[in-house]
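Student: Sharing a structure below in structure tokens format, with a few things to ask.
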Amino acid sequence: MLSTLIKKMFGSRNERTLRRMEKSVMAINAFEPKMQALSNEELAGKTQEFKERFNNGESLDELLAEAFATVREVSLRTLGLRHFDVQLIGGMVLHEGNIAEMRTGEGKTLVATLPAYLNAISGRGVHIVTVNDYLAKRDSQWMKPIYEFLGLTVGVIYPDMSHKEKQEAYKADIVYGTNNEYGFDYLRDNMAFSLTDKVQRELNFAIVDEVDSILIDEARTPLIISGAAEDSSELYIKINSLIPQLKKQEEEGDEGDYTIDEKQKQAHLTDAGHLHIEELLTKAKLLDPGESLYHASNIMLMHHVNAALKAHAMFHRDIDYIVKDNQVVIVDEHTGRTMPGRRWSEGLHQAVEAKEGVPIQNENQTLASITFQNFFRMYNKLSGMTGTADTEAYEFQQIYNLEVVVIPTNRSMIRKDEADLVYLTQADKFQAIIEDVRECGVRKQPVLVGTVSIEASEFLSQLLKKENIKHQVLNAKFHEKEAQIIAEAGRPGAVTIATNMAGRGTDIVLGGSLAADLANLPADASEQEKEAVKKEWQKRHDEVIAAGGLRIIGSERHESRRIDNQLRGRAGRQGDPGSSRFYLSLEDNLMRIFASERVASMMRRLGMQPGEPIEHSLVTRAIENAQRKLEGHHFDVRKQLLDYDNVANDQRQVIYTQRASIMAMTDTQEVVEMMREEVMNSLVDTYIPPQSLEDQWDPQALSDVLSDEFKIKAPVPDWIDKDHSIQPDQIKEKVLALAIEHYDEKVRKVGRPVISQFEKSIILQTLDNHWREHLAAMDQLRQGIHLRGYAQKDPKQEYKKEAFSLFTMMLDNLKYEVIRILSSVEIQTEEDAQVVEEQRRADQIRKMNLMHESLSENDEASETQTFRRQEKKIGRNDPCPCGSGKKYKACHGSLV
């Protein structure tokens, strides 16, 4: 009651925003006479003037009125379109980083030119986001004359472009493209191997068209780049046949090709084993004669040998795994239960499959992924346009910190929205729809019938065919053809069936598309021919208006009121007449699940008979309440997915920041030295624990690992025999000194610049491999974490804790692997260093797949929390996003 009183006194928030912006509209209009007086050259020169003023300290807000007036005048001169006052308000809403709700036909494409031009003045780029490639190309071509007149460049991105073409497109001041393409390019950039491979600039300002579709309907669908996790099965089979020829070393000093470390569950080749496996690989034609397994070009081969050795020496059938239905199934070492669907990483599972002679599965593995929620929140400023956002205003505010401003229509809306008709059965409902369509045909009124699924649209099409009613069907499959059909859906007597999302972005013009008719004329058509086409169109236009405008028929209520409103919004554009009605039945999904009992009891009380409908405001209200419940449920699911994805997103930011930092380095010496010290100290701590007695030490095992894994000869037992008072810290110093000396020899052979490039390649390659494995581990953790709820634990907190532990382990393993490879690989020439980068590029491109996959909805609901847009850069002294409480430089920033 109090809020109602305040609204009456001061107006709603939306009304106050509009009143504030009306003052700016007056300022823009005041500039109009001045702009009209300028020549084309003077008007085009305004852009340079604005850039200079911006560089001299004026803000974009201060330039807004004059810049908007400039765009309006240029639009009139180039396209013959003058922005209405309400379109100026829409442009201001977008510039302020909010969502403009504008009805269908109010010119959203033209509105976007205002904030796009203003923000392009800063030189930092503007991304205009569309729902499909057709709209990206169409809108960029349509609006290009405005931008080019003003001296700005326009780019458009689409999937089939070459790398160079895409780089050029992103350099443009204003770029058009789809949400998928922007997202995939971001992920690909963060898998790039050098800064020159990247295509995107900073994510500065995004204007998202059909923002509800992209930020809400697709919010649960992550973008995924996947690739083949390992090489072909043939290599596994060949290497598997060699391993049984190797002999285990039973005791220290005995002959043998490999040793096993039960404690660490590892198997290591001895010096003799290295020579033996090289001979075997050479005979198998997997290694060139005289070539070392540790040569830079054989890193992947070495990886396969290690996996196969481990599979034979450390993993035993009916203990670590069983073979069932021709598949290797892991046995949980703690519970003894089988774990179907789980697979060991780093090629080990394939090596075990080769050992057991079962089919080797070349699994697709996630290389990189991100949700639209987290991608679009990375932009410095985000805004959006749609015809229907107000019903989702709370979600836009909570998740994206975006306010929805409802923009008034330029002309009053006179569409008649009729009450729903509810039938007992679907058969009755469809019969009523057919009758409505037939009646419209008699009076030549065009009809658009909306369905919730492709299956329903095809079923309705069959019914219309039986009745010999001509019609077109749209299934949102072919966007260009779809736009043509939608453009003609306003012709007299036209009948079009469309799934609710089909044809978004294209207006239905009463009488059909005049532009399409003119475009069909020959290039040398006379003015008389053009005039005849215009007269014919006007006649059709008047005929449709006399018949009542476009008729919208909904065959079922959607789960979201917003989608229903989108369908209704197809009619009544720019003050045109029109009408809409939804036909429902108690057998519809929404009614059956949520509203059937209440509505059915109403129908029984009213004595309804089969074939008779019920039309009552109470019924409509009951249905809308059901939709609200469902919208709330979907919001909770999206919110919960975001809560979980934010954990992965924080880690993604750390990894991508480190990656970018390493790529930008010219010398990686400091990073490698830091890693080496950490790895060597950690190794010593493992075998010679601090604060422990000498009896608990295992110096021989430490010496073996340093020799086998890092090719460092460290006689640790001799040091202890010679000096029993030696301390673990002194052993660390000696081990580190030997590691440095061993590595410095490699540096002296090829020089610091070459070794730096090699180090960078190895770090990036290893980082990518471990990040890929980490994503798989996070996915497995996510799938089972809800079970913690049965133990009275908060699954979300447990997930954060476990994810942090996995992330820390991944970084430790990463450092270990980098130092192991750098220490053991032989580098003789500059070419050896370059071959690693070439291998990495080829491996990354091979079988890379782009996916846009739905996530499971079987997730527990989670508590809500407000999320703000993320900053892109993490400062060295900022808290680490992983949640440890440490500074970034002292935690996960230590790698860079």
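Here the Cβ of each residue, glycine as well, is placed from N, Cα and C on the backbone.
Pulled these from Swiss-Prot:
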- Q87, G105, E106, G107, K108, T109, D507: ATP binding site (BINDING)
- 853-879: region 'Disordered' (REGION)
- 866-876: compositional bias 'Basic and acidic residues' (COMPBIAS)
- C880, C882, C891, H892: Zn(2+) binding site (BINDING)
Student: By the count of other Cβ atoms within 10 Å, pick out the sparsest of the binding-site residues Q87, T109.
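Tutor: Comparing Cβ neighbours within 10 Å for the binding-site residues Q87, T109, T109 has the fewest.
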Student: Give the sequence-ordered list of residues that share a chain with G107 (ATP binding site), lie 6 or more positions from it, and have CB atoms under 8 Å from its CB.
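Tutor: When sequence neighbours closer than 6 are ignored, G107 (ATP binding site) has L81, H83, F84, Q87 within Cβ distance under 8 Å.
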Student: Beyond Q87, G105, E106, G107, K108, T109, D507, what residues of that chain have CB atoms within 8 A of the centre of the ATP site's CB atoms?
Tutor: M102, T104, L110, V111
Student: Using all protein chains shown, find which of the binding-site residues K108, D507 scores highest when you count other CB atoms within 10 A of its CB.
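Tutor: In terms of Cβ crowding, the pick is K108.
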Student: Across all the protein chains here, work out how many other Cβ atoms are within 10 Å of the Cβ of G105 (ATP binding site).
Tutor: 21
Student: What kind of secondary structure is Q87 (ATP binding site) part of, going by DSSP in three states?
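Tutor: DSSP assigns Q87 (ATP binding site) to helix.
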Student: For a quick check of understanding: given the listed ATP-binding residues Q87, G105, E106, G107, K108, T109, D507, what is the maximum Cα-Cα distance in angstrom, as an integer?
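Tutor: Answer in Å: the longest Cα-Cα distance is 17.
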